[in-house]
Structure formats: C-alpha cells, structure tokens
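Asker: In case it helps, Swiss-Prot gives these features for our protein:
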type	residues	note
BINDING	CYS70, CYS72, CYS85, CYS88	Zn(2+) 1 binding site
BINDING	ASP460, ASP462, ASP464	Mg(2+) binding site
BINDING	CYS808, CYS882, CYS889, CYS892	Zn(2+) 2 binding site
Amino acid sequence: MSDLLGILKQQGQSEEFDAIKIALASPELIRSWSYGEVKKPETINYRTFKPERDGLFCAKTFGPVKDYECLCGKYKRLKHRGVICEKCGVELALAKVRRERMGHIELASPVAHIWFLKSLPSRIGLLLDMTLRDIERVLYFEAFVVVDPGMTELERGQLLNDEAYLDAMEQYGDEFDARMGAEAIRDLLRQIDLEDEIRNLREELPTTNSETKIKKITKRLKLLEAFYESGNKPEWMIMDVLPVLPPDLRPLVPLDGGRFATSDLNDLYRRVINRNNRLKRLLDLNAPDIIVRNEKRMLQESVDALLDNGRRGRAITGTNKRPLKSLADMIKGKQGRFRQNLLGKRVDYSGRSVIVVGPTLKLHQCGLPKKMALELFKPFIFSKLEFRGLATTIKAAKKMVEREESVVWDILDDVIREHPILLNRAPTLHRLGIQAFEPVLIEGKAIQLHPLVCTAYNADFDGDQMAVHVPLTLEAQLEARSLMMSTNNILSPASGEPIIVPSQDVVLGLYYLTREKVNALGEGKIYSSAQEAQNFYEAGHLDIHAKIKIRMPKEDGETGYHLVETTVGRAILAEILPKGMPFDYINRTMTKKVISKVIDSCYRKFGLKETVIFADQLMYTGFKYATRSGASIGIEDMEIPDDKASIIEHADNEVREIESQFRSGLVTNGERYNKVIDIWSRTNELVAKSMMSKIATEEVTDAKGNKVRQESFNPIFMMADSGARGSAAQIRQLAGMRGLMAAPDGSIIETPITANFREGLNVFQYFISTHGARKGLADTALKTANSGYLTRRLVDVAQDVVITEDDCGTDTGILMQPLIEGGDIVEPLHERVLGRVVASDVYIPTQTEPVVKAGTLLDEEWVEKLEKHGVDQVMVRSPITCQTRFGLCAKCYGRDLARGHLVNTGEAVGIIAAQSIGEPGTQLTMRTFHIGGAASRATAANNIQIKTKGVIRLHNIKTVTHENKNLVAVSRSGEVTIVDEFGRERERYKVPYGAVISAQDNSPVEAGQVIATWDPHTHPVISEVSGRLKFVDLIDGITMNRQTDELTGLSNIVIIDAKQRSAAGRDLRPMVKLVTDEGDDIYLAGTNVPAQYYLPVDAIVNFEDGSLVGIGDVIARIPQERSKTRDITGGLPRVADLFEARKPKDSAVMAEVSGLVNFGKETKGKRRLIINVSEDQCHEELIPKWRHISVFEGEHVERGEIIAEGALNPHDILRLLGVGALANYIVNEVQDVYRLQGVKINDKHIEVIVRQMLRKRVITFAGDSKFLVGEQVEESAMLQENDKLLAEGKQIARGTPILLGITKASLATESFISAASFQETTRVLTEAAVSGKVDELRGLKENVMVGRLIPAGTGYTYHQSRKAKRARAAAGGDSSATHTVTASDVEHALSEALNADNHEH
C-alpha cells in the first residue's frame, strides 16, 4: 500500500506547479543532476549486448536495463527494490529511470556554450564589449587575450597575437596575465562586477549624444540587468561540466541482421569523450603547448557540434554524408520536440474511412459501419459482457467479440446509444472541422455523413475520407454533446450566418418546387387548406407549379383567415414551416440566398430545436422534389444566342479600326492593346447578355391564349439561378463565348476565344486555354501551403486572447460608418454594427433623448431601429480599445457569432479569429482554377454615373476651369459625394487626376446623371495656367525620341527611360515649363511656384516646343501599363503583408505636422519639402524627384495627409493618425480582399488580430521605472509597473503604441514556451535563459505543452479555481493546498472507488 502511496505522491508532484523558469545551469547544478560520470566512449558490449561500465549506456550510472534486475543477475524481483548490487553497482529500480537519470562529463578544459556565443547578438560579446570575431579568435586559439594587465600599459580584454605576446613577455615578464581559450574568456567574465557596470552605464546614458552609442549602451544595459536580476552568473556561459542525456532518450536499437541503429547524439557524445580523454592524457604527460592547444580547440569544436551542429563551420556528418542531428535540432522545427511531441499528439480510439452521403439521416446522426464501431467501442463491450456475466474474464470477452456472437451486436447497440462520436475531416481549418454526432450502425464499410454539414467540413463525396474519434470520459462525452454536436453549430463563427444551409440538389429541388408556371393544370382554383391542395396534387388533378389561392390563417397574432395567392409547391413547403413563421417568407421562388435568410430568421425567432427540425425537413423535401423534377444537363440546353455571330463580327471590325489607327500613329501600342481588350470584354458581356436572355425566358401561351414570356425551365438556367451549381460566368463559357484568357504572367492575351464549349475549341483556342488551367493547378498547390502558414502565424499571435471579464469599463471605441465604394453601399451600417455593444449614446437630430443608450448590445431589432431612424454613424466598443490586461472583456467583443448572444467568459476568441481569417484563405486559394483561368476584367471605368438624386459635394478636389467651361480635376486624392436632403452621404466616388467634372459643387443632380469623365488608359498632365510651352532637358535622341509614322507623317515625342539613356542624359530631368511670350516663368495662382511639369518615362508630349497652351489642356499623356487580372493570388499575399505590417515599396509620404507647404533648395535627385507650423517651427522632408507630389506651394496640409502618392505605410498611419485610423485601414484592406471573393468575415476577428499587433509600447519617458527610453515593453507590463510606481508616489513611465507584424508579435510574447514553439527556437531560448525568464503559463499553447486543460472554455473555470486556491494558500497558509496522505486514507479511498465501480454496473 505504501508503494501505491509513493506512486500517488509522485504523480501529485508533477502536477503542482504554477510557472516554469528557464535559466543558465551552474556546474554545481549539473553535477547535482548527474548520477555518475561517463568516462568511456563505449556503448554496449558487442558479444553480450550489455552496457559497458562507465560508458554512454552504463547501467550503474543510468539505472538497470530490465525492471528490478541488476546487470550481473545477482538480484532479481521486486523485493530487492532499492538495493545496490555489490558486484556490478547497479541500483534496482524500474527500467524507465533510464529515461530520466542524467550523467555528466568532467571537461579537462572549459568550453564556451555555442548558443551564447553565436546566437546573435552574441551574449558573451555584449557582456565583454568585444566583437564576436575577437572572441572566436581567443576561443579557437588564434590569439591571446589580456586577463589581468597588472602594472603594465596593456588593457584588460586586449588581443595579442603570438609575436605581440612574446614581445610583451620580454618587456614585462610575469607582471601581466594573458591567455587563450575558453578559460581566458571565463576569467574575464568572472571579473565583471554587474552592479558596478550597470551603475556606470546608467550614468553614461544621459551624457551620450550619438544614436548608435545610445543603442549599444541600452543593449548592454538590458543584458547586464537581466543577468543581475535573474541571479545567473556570466561565467556559467562557459562550461566545465557537460550534462549527458539519459540513454533511453538517445537509444541504440538492434536491427535484424545483427546491426544497430543509433541516435546521432551517441556519435556526438563519443567524439566529445574521446577528445576529452585524449586531452586529459596530454595534460598528464605535459605535452608541448601547441599539441594541447590543438586538442583543446578540437574539444571546443566537438562540444559545439553536440549542442548545435552546423552553427559554426561545417556540420559534422555521419557515415552517409548526412549532418548529424544535434541537441538543438532535436527541439526545433516541425519534427522537433515542441511541435512534434508537445503540441501534436496522436490519439487512440480512432478510425478512418471513406464517406458517402446519408440523405436519410437526421442532422445529429452519422452512419458508422458496424465493423468500425465494434473495434472502437471494444473496452465498453468487454466491460458490459463481464458485467452481464456473459464472459468471466476479459480474455473470454475478447474471444466472444472476435467470434462476433449475436449477443455482442445487442451489447454494441446498447453501448453506442447516446454515446456521441467525433468526426473530423482533414484539413481541419476551423472549429467546424470536428463535430460530434450520434452514431447509427450501418452495413458496409463507409461512414455516412449528413449532407447539410458538408459545407462546414468542406467535404464532398468524390473519395474524401474522415476520421472518427471516441470521447471516453464522461466529461468528454458531455462536452461533445453540449458544445460540439452538429445541431449546436448552425451558425458560422466567422460571419454569424447559418452554415447549415442546403446546397446543390436540395436547393434545386426547393427552387423547382416553388417556381410558377403560366397556364398550368388547375390554375386559378381555390382550396381550403394547404393539405387539400397537396391531396389534389397527389391525385394528379393539379400541376405542382399551378398558381392557386389557398385559405390561410392570418399572421401577426390576428385571428381569422385570408386568401393567399400562391402555387401548389409553395403550399407543400408551407406544411413543414415551423408554427408561427409567416407564410410570405416562402411564398416566393426559393433560391439559395432566400433559403439561407429563412433559416437565419427561423433561428432568431424560434431558437435551435425548431431550426434543426426545419433544416432537416427542408433537406428531405428538397431531395424528393429534385428527383421528381427530372432536371438534367443536355447539350441542347446550352442555347447559343442567334446574334452571336453578328456581335463578334462587329467587334472584329472595331478592332480592325483601332489597328489602323495604331498604324497611322493616332494611338500608341499600349493604348491600342487596352482598347482591344476593352472591346472584347464588352463583346463578351453583350454575347453573355444575349445568351442569358435566351436561356432565362421562354415564350408560352396563357389561359386566354395570349403569348407571354416567363422564366424558363431550362435545367442549366435553373441550376445557376437557384444557386445550386454554376454561375452566369460558367454558362457564358458553355453557350456564349469563352472570352479573354490570361497568359502565364497574368497579362491578358488580346485574341479572345470566340467559341464556346458547345461549339468546341480549335487547336489554337485549346492551347491558350491550357495556360490558365495549368496556372490554376500550380497556384493551388503553392497557395494552400501559404494559406496554412498564414493561419499558423495568426493562431500563434492570437492564441492567448480569451474573454476574461464581463466589462472592462472603458467608454472608448471605434466609429462605425457604412462602407461606401463607388456608388454602392458595400456594407450598410446595420450589418457592421450588428452584435456590437454601443460605446456612447446614439442621438438623432430631431430628438433630445438618445435612440440607443451606451452599453446596449445591438441585436436585429435594435439595428432595424437604427436603420429606421437613418442613423449613419455609431460609436461601438471594439477589441482594439478594450482595457482588460490579460485577454478581452465580453462587452468589447460583443456577440458570440456562433451562438447569437453576448460572448461567454472563457471563450477563446483569439483562436476563433485566427481560424475565421485563415480558413477562407485556403478555400479561396483552392478556387482559382474553377473558371479555368478565364480572364475576368471589368471594362475599365471611364466615368461616374450617379444612382440617386441629391446634392453633389466635392471633397479636397482642386480644379481648374477649361475654356469650354468644364472643371478639370488637378488633384489626386479628390472625392465626390452625393448627399440626400438630410445631409446623409449616399454615394462616394474617387475622382482621378485629369477628370472632366460637368457639375458644380453643391449643385443638385439627378439619378443617372454622368458627373465626371476621363480616359481610363492614360494619365494626363494638365496645365493649370495658360502660356507658351518651353522644353527643358528634352533633347532629341538623348532624353526623348520622335516616333514618326510613315503613313501619316505625324510625330510623337516620347520620353526615354533614364536607365536606357547614354551617360550624357543620365542626370537630365526632362520637363516642360509654361512661360510668357517674353520667356519669363509663369507662377501658379496665388503661389510662387513656377508652372513646370516633370515628365516620367514613356510620357507622350502632345504639343511642340513654343506652342500656346490654355488652362486645363492636356500637355502630355502617360499610357497606363497593361492591366493584370485580379484574384486572390494577389489577395492572399496582400493579407499576409497587412498582418505582417510590412512597409510597402515606394510608400506614400505623409505630412508629419500640420502647416503650410513650401519647397526649399533642391539637392541632386531629391526635392526638399518644408512644412511650416509656425514662425519658428518647421519640418523638412527630402522626397525623390520622380515621386509625384500631390500638394502645391503655399497649400495648408493636415498631419497625416498624403504629400506624395504611393501605398500607405501602416506604421505611418499609426504614428500620425493614431490607433483608430490604423485599425480602420487594416480592417478595410483585409475585408476588400475577402469581399472580392465573396467571403464574409466579421470585422471583429480582424480587430482581435490588430489588437495583438499593438500589444507593445515603446517607452518615450522612463520616469522612475526600470524601463529604458526606446525599450519595447508589453502594455500590460508597463501598466503593472506604473501601478506600482503610483502606489509609491513616483513618476510613471509613458510609451507610444507600436505596430508589430504577426510573426514579430508572436516571438515577442511574454511566454517563452509559446515563442520557442513558434519559430527561431534557438534565439528565443537563449534570450529567455540569459534573463532567467519565468513563464506564467497564461496562454493556450503553454498549457497544452505542460499537459493541462487550456485556460479557455470548460478549462477556464478549472484555472480560475486553481488561481483562487493559490491566492488562499498564499494568504492563509491553507492546508488544502498541500496534501498529506496516510496509507489508511488511500486504502479507504481505493476500496470506496472499487465498490462504487461495482454498484454502477
């Protein structure tokens, strides 16, 4: 019994720790771990296969090879436990102690630990203030270092080569001490007085001015303080003793054929021991210095290889030229200890099989093959068999199961009832990739899956496989049932929309069922109920599409009945509607979108149970009527429009016209290309339109004999229209024309495929089709990997974001407005704020009382109210502004999207956010090839046509008035908005430079009016004053070419690229100036800036030197480069760039301060732009000359306004415009990419990630804190320190937020375990060890790795109670925190447990 107690106690020990600390090990500590020294390189005896004594597998040091058996065989059996054999010296214990007992090697000469030497920045180098190169010269015996200068002129740490050393010896004799090798470095480290050094550096810091020096001092200071505070001693970075890994962790296993497979570590250890022993021998023999030195160097190298092979010099290779795997390689990378064993574990009780469709299942069921069930539930069956007395022993039960006796099947039925199982489909990209079902036993060998969960799993039945897992414990079963059951996962956690939505056949069936047909059998009849109509239909007296009237009960709680116009099919559908659901929800043609809306409102109105039943019924009905409809695909169904040939002929003529214009020099090649592409895009649209109108409608005769058009019953049209399968774009390729294709580089090939698939392609057309198809396949493979990596980085950065409190009490938030792009409201306000908590009261102009009070969770009813009152901006709480220290609060997060109520504490919202953003990434990347690479490019926009009536407002647009009275825009970032009579913005458009605006500011405009036009294919250069044109630096043949056209004699002036110019023209800056007739400069209105325009490469000048130019004339035009097709290929890397916060190339220059702009003296290649804030304060920027500067002399700019065009740099946005603007920017940019693909993701997921990117602060003012100016610290750490300082009445530290990319943010997390398991393991662990870091085990990863429940979900309460218990123990010395158990206690507990077991059965 006491033995059992010992085991219980042991198990208890490993559990009870609250944090993990990593530090440097002192030689004493290493010796204390060791059970003996390893003196010989031998492993096992080749004849007896027993471990050699004092060797690498020595049983005396590491423990017995067999349980409780000594090596020589004198003692065997349990009764001698703990005895040490006199003959062979082995202690009798379990053989598994060979996994935990360490040995050690006493090194004859100290060696440096390579991690602290070579891991940049070199820790040893920083401490000694020496360069890595110098230290290496000392360590590898190339130079002497002065350890103690004595009374000489030498300095401590000075390097001497052999000659200098000999000279010094002659000069000073024994007065000084200079040595080589690790011991010299060790002595130098020993001499460092940490306290003294820290004090000196702290005093030196304020007095230094040079940036680099300050950086260096702060680096050193941080390292010294880390050593000082952690209690690590610098000399421990040099090792005298080397620990030896327990032998079972570097095993030697016999293969068949008498050979052995061994871990690489044994080779590496053998080298170290051999060299060490040789060195000992040489030292005993007093060998010559040079030999000893060489041996010491070899010892240093062999220890380096053991710790981190290949870090310095060439990696040591084994027999097969493969580098040996060192200790460092064991822990890093995907196959290392962290990711392979600690974070990824394999499970038992699982099986996998192919899936097939189970259309008869209920939503919570799945079909499980009997064979699998029998195998998976074996232990349950054994215990039941024993319990019922059908088998006496487990062995007998096993036999019965193997014979598959009939009673076994009954018991299996019994065991399986209500025992949920988990189904998982790889890749598991979001939490809906594992769901729980109740198994239904089936014959056959395939798992049956319910069709409605396929969307969540992204499964299809073309050979997909799925894995089954069995939750064993009661808690696991409970969780599976209450949280993971498929019926509990109706809404997608990414967007909050239903994910249990019928698709494909079901949609087609419901669509067919609810369509109307003119003049169908029984049209116009009236029935007393839906049931009666159904009976007539079944009897064959009614067509399913016939328009009829039915007496229906009134809705909205009124009593009585009314007649409803509907069709027979819709009446049938009404039968399965939940009670109380309005009939007009389904009294229409059911497309996929409509069905999704119906399911959504059913969930909101009636809750989970009703919705699940309704969804199932919808599915059964859908399948039934899809079968009845007999819809199929026939070649005849792809109807080619009659006017296709004439449309294409017309396009051919247009293209010929443009070709001839090109030949006569009226347009450039680039313009010609763009125009041709445009013509074919438009033609494709026309053919598609014509084809759709032919396929979509048919002519029929109504009851009165008139010809009418109705929607056709063409199966292909029905499939696309209902949303079951296919799209207009695909039908266009089947029956219209395939259209333009993309070349492998993404550019569009200008000869389109005019044929469609029904007509068939010729060889040339087939060939250019293959580009797209291949590119699609190659992209898929590459991008799947990229997307998976993005998801991994996102999970890593957000893994510890958990809801930890109900309300953090902040009143800040972010301002939400509807997203307006072009004329469309891309996302209305009510969609954006749904499920958020209001941060401050919402008012409307006419009322004094707020419409919505702060702290309200906006649900469907509230947003409807906002919509009704026409509110166009709401301040809502956001994860970005949440004040919770560790984690988030429920109010700032808002609604749990998958459940529809305020989020619960303990919800792991970080992981959900990462999955929601990462999962579609993979989806989208897999989706490129479906259209087969057909180039989809919208015809280039060339005007603004407005959609609503209102008043036009111009926003920061500078215009000049052309002689024909039109306004011409001469600013880049201008916008026009249309506002309604309440002043609410309805439409917003960007106005490009050079657009001709035909309406005045603040003038009323009508819907459909065109208010601006421009040429989409060129960028114009517009004159803002009138005058004579003067060429500067435009020299024929050097900076420009005259391209004369033979046919017309017209010539164009084209600027040559600077890279292609001769040496003479390299530094010339071609530009045009406007001058008066006398040749004086003309200045822009109201400024002293001369009117001059730099001409970029390829610009075409429209006027000759000396011509007269009017205001608003186009002086030159710059052809735009060919357009590339947009798809998520650009998208996924774009998302990654945003989350990594990369600085874009040629990023926009933003104004650092608000003030007036003027230009200073130009330097070579740069312009100096000065912003004057006040008389004495100004800010200068140097901007390269080729950059287009969008502000003019004397203009007023606001801080953060764009001065030079380019991509925005997120770091600048944060610095100049603040956190809110940055959040807005990242959220909108990421959403743009996903929106393009039609993927809905809720904003708050992106906000959670942005919050994690903004965790750090850069200290701007240190106060009395321990921080240094310029240091990066966690916000929570800064707040904690400030709390402490405030309590002591000292000055607090201040810092500004800084943006880190997700990889950097993950590596900069407080938890070193989490960071080390992510990337750059060596660097993270080195840093952590030096500073003696403590991991508080706050996040999810750390807890998974130490084998605990995660502090989220159901594990959250467990962690809370542990925390409370700890606090109690700390406060009152609570005895319950430490258990002392007596043997009798344990016996009592055991007997109780055993009895309880019997009662259960």
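Note: Cβ is positioned from N, Cα and C throughout, glycine not excepted.
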Asker: Which whole-number value in Å describes the distance between the Cα atoms of CYS72 (Zn(2+) 1 binding site) and ASP464 (Mg(2+) binding site)?
Answerer: 57
Asker: Considering only the binding-site residues CYS808, CYS889, CYS892, which residue has the minimal Cα-Cα separation from CYS85 (Zn(2+) 1 binding site)?
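Answerer: Looking at Cα distances from CYS85 (Zn(2+) 1 binding site), the smallest one goes to CYS889.
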Asker: Can you check which residues sit near ASP460 (Mg(2+) binding site), meaning Cβ under 8 Å from its Cβ, same chain, 6 or more apart in sequence, and list them in order?
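Answerer: Those within reach of ASP460 (Mg(2+) binding site), by Cβ under 8 Å and sequence separation of 6 or more, are CYS454.
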Asker: Among the binding-site residues CYS70, CYS882, CYS889, CYS892, point out the residue whose Cβ has the most other Cβ atoms within 10 Å, with all shown protein chains included in the count.
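Answerer: Answer by Cβ density within 10 Å: CYS892.
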Asker: Which chain-mates of CYS88 (Zn(2+) 1 binding site) that are at least 6 residues away have a CB under 8 A from its CB, listed by sequence?
Answerer: ARG53, ALA59, LYS60, CYS70, LEU71, CYS72, LYS74
Asker: According to DSSP, collapsed to three classes, what secondary structure does CYS889 (Zn(2+) 2 binding site) have?
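Answerer: Going by the DSSP assignment, CYS889 (Zn(2+) 2 binding site) falls within a strand, counted as strand.
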Asker: Quiz question: given the binding-site residues CYS72, CYS85, which has the greatest number of C-beta atoms lying within 10 angstroms of its own C-beta?
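Answerer: Most Cβ neighbours within 10 Å: CYS85.
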Asker: To the nearest whole angstrom, state the Cα distance for the pair ASP462 (Mg(2+) binding site) and CYS882 (Zn(2+) 2 binding site).
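Answerer: Rounded to the nearest whole number, the Cα-Cα distance is 46 Å.
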Asker: Neighbours of the Zn(2+) 1 site CYS70, CYS72, CYS85, CYS88: Cβ within 8 Å of the Cβ centroid, same chain, sequence order.
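Answerer: Filtered neighbour residues, in order: ALA59, LEU71, GLY73, LYS74, TYR75, GLU86, LYS87, GLY89, VAL90.
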Asker: At the Cα level, what's the spacing in Å between CYS889 (Zn(2+) 2 binding site) and ASP464 (Mg(2+) binding site), rounded?
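Answerer: About 40 Å separates the two Cα atoms.
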Asker: Rounded to the nearest angstrom, how far is the Cα of ASP464 (Mg(2+) binding site) from the Cα of CYS892 (Zn(2+) 2 binding site)?
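Answerer: The separation of the Cα atoms works out to 40 Å.
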Asker: Including all protein chains displayed, how many Cβ atoms other than that of ASP462 (Mg(2+) binding site) lie within 10 Å of its Cβ?
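Answerer: Other Cβ atoms found within 10 Å: 5.
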Asker: Between CYS882 (Zn(2+) 2 binding site) and ASP464 (Mg(2+) binding site), how many Å separate their Cα atoms?
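Answerer: Between the alpha carbons of CYS882 (Zn(2+) 2 binding site) and ASP464 (Mg(2+) binding site) there are 43 Å.
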Asker: Cα distance, CYS808 (Zn(2+) 2 binding site) to ASP464 (Mg(2+) binding site), nearest Å?
Answerer: 46
Asker: Starting from the Cβ centroid of CYS808, CYS882, CYS889, CYS892, which together make up the recorded Zn(2+) 2 site, report each further residue of the same chain whose Cβ lies within 8 Å of that point, ordered by sequence.
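Answerer: Result: GLU805, ASP807, THR810, ARG877, PRO879, THR881, GLN883, THR884, LEU888, ALA890, LYS891, TYR893.
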Asker: Which chain-mates of CYS808 (Zn(2+) 2 binding site) that are at least 6 residues away have a CB under 8 A from its CB, listed by sequence?
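Answerer: Residues satisfying the criterion: CYS882, GLN883, THR884, CYS889, LYS891, CYS892.
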Asker: If you run the three-state DSSP split on ASP464 (Mg(2+) binding site), which class comes out?
Answerer: coil
Asker: Using the recorded Mg(2+) site (ASP460, ASP462, ASP464) as reference, state which further residues of the same chain have their Cβ within 8 Å of the centre of those residues' Cβ atoms, listed in sequence order.
Answerer: ILE355, ALA459, PHE461, GLY463
